[in-house]
């Protein structure tokens, strides 16, 4: 229903709805006050900030009903609002690129756990390449920048209460590197019971059986928590002007000097407050959020906001050709201004979860890119696919560990020996989901330079120095096992059953 309250008032019950809303807000306030009352004196300040933020989000959640976009108002973005990267690169770099770099801060979203890949602890601490973790690679990249240009680009990690302790322990190992590292924490919000819409937490603690009661509210929380931490003001005082924000598991999100120069020295003299890197959709990205023109503003539309009748149209590669990589460049002064006016407007994402005991809860989240419409003079830049290299699964991990990429100063680049610039499609079955199982099944990572497509299902192991070319499909039947022998070359092959392949 487009406008819930309007529809209800036609039924003569809008006042009734309003009464229910007020009662829910009142009950929520009482519950949150009870939780706050259990906080120790040293926790009161930040718990209060967290619960205030949550209360605002909950208030908006009760006001909004139905999809948050009116599909009829969605338009293609105007030509000049999404610039091709080639055009920005063609401007070249000024001589004083170091002074431009000194205005930059790199922010990595580091709130996620490695649970989807069967790992405990922060995802950023999973080894991705030659024993290096996501965090190692990030630090190496920035250190390389600082050494090459004699600059001082700091790294800021936005942790969540799930990742903060483990991340801080590991940061000691970088104490001698040439990168200043700061951290701040995402808010901690209470999960609410889907039926009663009240918090399931009874007190402020979040250890033991209470871990399931709380959640970090999505990366859209960066604006409020960065501001509340005091770090935003400190960086502005140091003369920093832009942050480059990206997911720590996107190995393509390195600092791009051409984009930075475009921000600091805009060709028309008018600075952008917000730049979103987008890239062309492939069939694998049909669910990614896309940039549209909406009420004369650039706006990020996510699949969750699309009315059901239009989901197929949203997924179409021909109508919406690009998607958000979540590599964002944002002006610090603009974040401060908007945060102080409480003017950052992000759609609420309602994320339903079922807890281990079977209880249905919802968590209210926001996405960092959704704020684009609140900033002035925002811009999309259509970047090469190489700037979007996320590692979400072990299938992605296989690609970045393979000889498709070479590693240089923390940055992965596609090997020049690969004939075509696209990445092979890799689908590893459930026996490979967990990192430790995946590692156990490969004695060494196969040669994949000439691979187009790989599907592996069932109990399969790979010996040393296997080569995969073209399309390779390996399916072990239930209860059977396939061992690909050392040195095997599989080119356009389908292997099934319980074969132990010997000839090659």
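Placed from the backbone N, Cα and C atoms, the Cβ positions cover glycine too.
Where the annotation comes from TrEMBL, it is an automatic prediction and has not been curated.
Here's what TrEMBL has on this protein:
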- 123, 186, 218, 249, 392: UTP binding site (BINDING)
- 219: substrate binding site (BINDING)
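Using a 10 Å Cβ-Cβ cutoff, residue 186 (UTP binding site) registers 27 neighbours. When each of the binding-site residues 123, 219, 392 is scored by how many other Cβ atoms sit within 10 Å of its Cβ, 392 comes out lowest. Annotation for residue 249 (UTP binding site): spatial neighbours 112, 123, 124, 134, 390, 391, 392, criterion Cβ-Cβ under 8 Å with sequence separation of six or more. Between the CA atoms of residue 186 (UTP binding site) and the residue listed as 'substrate binding site' there is a gap of 8 Å. Sequence-distant contacts of residue 218 (UTP binding site), defined as residues of its own chain at least six apart whose C-beta falls under 8 angstroms from its C-beta, comprise 349, 351, 365, 366, 367, 368.
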